[in-house]
Amino acid sequence: MGAECKCHCEQDNKLDALFAQYKGNPNGLIVVMAAIQETHGYLPKDLLIKTAEELGVPLSDVYGVATFYAAFSLRPRGRHTVNLCLGTACYVKGAPEVQAMLEKEMGIKAGNTTEDRRFSLDLVRCLGACGIAPVMTVNGEVYPRMTAEKVAEVLAKYE
Amino acid sequence: MNFAELELLRATAKEAIKLRLGEEPSDNYKYHVLVCGGTGCISIGCQNTLEALRKAIDSHGLQDTVKVVVTGCMGTCEMGPVITVFPEGYYYCRVQPEDAEEIVTSHLKLGKYVERLCYHAADGSVQPRKSDMTFFKKQKRNALRNCGLINQTSIEEYIAMDGYKALAKVLQEMTPQQVVDEVKKSGLRGRGGAGFPTGVKWQFVLDQKADQKYIVCNGDEGDPGAFMDRSVLEDDPYSVIEAMTIGGFAVGANKGYAYIRLEYPRAIEHFTKALNRAREVGLLGNNILGTDFSFDIEIRVGAGAFVCGEETALLASIEGRRGEPRPRPPFPAVSGLFGKPTVINNVETWANICPIIINGGDWYASMGTEKSKGTKVFTLAGKITNTGLVEVPMGITLREMVEDIGGGVPGGKAFKAAQTGGPSGGCIPAAYLDTPIDYENLAALGSIVGSGGMIIVDEGTCMVDLAKFYLGFTQDESCGKCTPCRIGTKRMLEILERITKGLGKEGDLELLIELANSIKASALCGLGQTAPNPVLSTLRYFRDEYEAHIKDKTCPAGVCKMPRKGLKS
């Protein structure tokens, strides 16, 4: 881990500002970690150690928070994030079939990243778009009324 | 901005939206075309429709007489993209870019509405205007009063719709105790699910002596199938900001936090924009409206944990820790955020505050039932014709919700049950369709109002599978702190998985019930205490389905994959 970290890039300025803002203040932990997740796509080990030192939080607590929240990932993610909603409305309207097809097309189980790091597939609970269920998003772009048949066509758009 | 300037701004702003309120406008506009920019409509391409409309309006030279406004969710998500054309309120559904030309040439030029785009009811009748639509007729909108009617982040349009009237009234005429009394009088109960009287909660915090108090808005809406808080945050953010400010005045807090879940990026964007705008014009920050009252709000974005909707977990998350609940007492009203007295209310609860202040607690209490006052927002979804967002007076019957507002179950299938309250709730079968919906009645039926998610299921849904779905959800989202929830729900889920694979055995149902009752009695927080509800409730009304899975190894709805008969598994 840490190999993917783009050190000393401009994104780090944003992090440095946050480190300064929350120096010695454990209350900023999630805010700082969310910024790392956003700029790096995951939480590199060296940055977590730095977070612990800067905010004055034991590293074990940082790890505890990292593994508690679904938004944080300790491993690098795919270039494209596919989120399939498994809320109730989506579930009763056929999301499980879409999930099966996604897993088949990608060759991975949900919650994982393809070996070529093209896709990460996650199951999410209710995107709040129940009117157009089943819903899937790719990098935030919403695909309404998904069916298993549409899966290949949608994935083909993302290299 | 001071009070006089606010009223001046209101007068100007009101002129600009008069046409939408059925009044004679003083400007040149003949039509306002409102395009729904709610998340549902955006995802099915309202942007293209919007551009096509703008282009067609320009090419016919109508840009000076037709105003195009992007609004929040109009409520009928299934029919998007939707647009409303004022002054009459004609309501067009599934408007595609190629429909723009006809709307302009026929409606906006000749005044002849386009019938084929209007809402067609199941009985074949056409309901061209909003006021004609059965979907809207039984609704009464308080929390959603501005959704779908005004530009989402325009403070001017919000002010035109009586925005900041309540705050001005509070700061000019009322004492903190009077504000709390008014909220108490309204009978408003927490709309997040627990239903605790809001005014009583405020009184607790007002009575606390402390150097610092906090206001928190719980926007961690997590129940699958519920999206009312998202809509309010996206479509009418100022209504929450103003209400939190009033709450701050009422209990003596000068700092608020709005905790919004990560999965709602547009809510975060709009709320941030609204906060900045409110600060810019002096309606938030130091010396609001020129008084000595100061109040500010900070956004905290959730990091993806359902349990953070539980108030003590949410507070832990704001403090930067794992979102694990803690035992109460002490309640947040005594020791909340950073150990200080804290009012924490749900988004929809906040959205009801301003109308209560303006119209009085008695006015709000005149709606609803004896113990459940006012209106409640429900999200209708699942196997129902009109999926969407509705706000109705408490006491409306389930039948009115499903048949009149929802337009019934599509595809000629039979209504089987309404699932209310998400993973903390239960189901209500067809036999109870005439039950008036309120906190007490739903509790008596073994379900809850909860946050207001209402999923309709038809004969093609297996109730055992549905119970398994909910339990899978709570098991997945259990924070793991207390044993009953962490291990108990796991054991229950294993039994349900067995049953739905045709491997259920004698005694499974009794064991499920025993586990369910122990978890309910011993779990630490609301998540665990209510997690067994979907199982108990489906067992209560659909026990025969469970037994068919166990004894006959068949799934009556044909959902669960059972081993073929005669085969030993």
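Including glycine, each Cβ sits where the backbone N, Cα and C put it.
TrEMBL annotations: computationally assigned, not manually curated.
As written in TrEMBL, here are the features:
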- A:Cys85, A:Cys90, A:Cys126, A:Cys130: [2Fe-2S] cluster binding site (BINDING)
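Overlay of TrEMBL feature records on the structure.
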residue: A:Cys85; record: [2Fe-2S] cluster binding site; DSSP class: strand
residue: A:Cys90; record: [2Fe-2S] cluster binding site; DSSP class: helix
residue: A:Cys126; record: [2Fe-2S] cluster binding site; DSSP class: coil
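Long-range Cβ proximity for A:Cys130 ([2Fe-2S] cluster binding site), meaning a same-chain Cβ under 8 A and a gap of 6 or more residues, is found for A:Gly87, A:Thr88, A:Ala89, A:Cys90. Among the binding-site residues A:Cys85, A:Cys90, A:Cys126, the residue whose Cβ has the fewest other Cβ atoms within 10 Å is A:Cys85.
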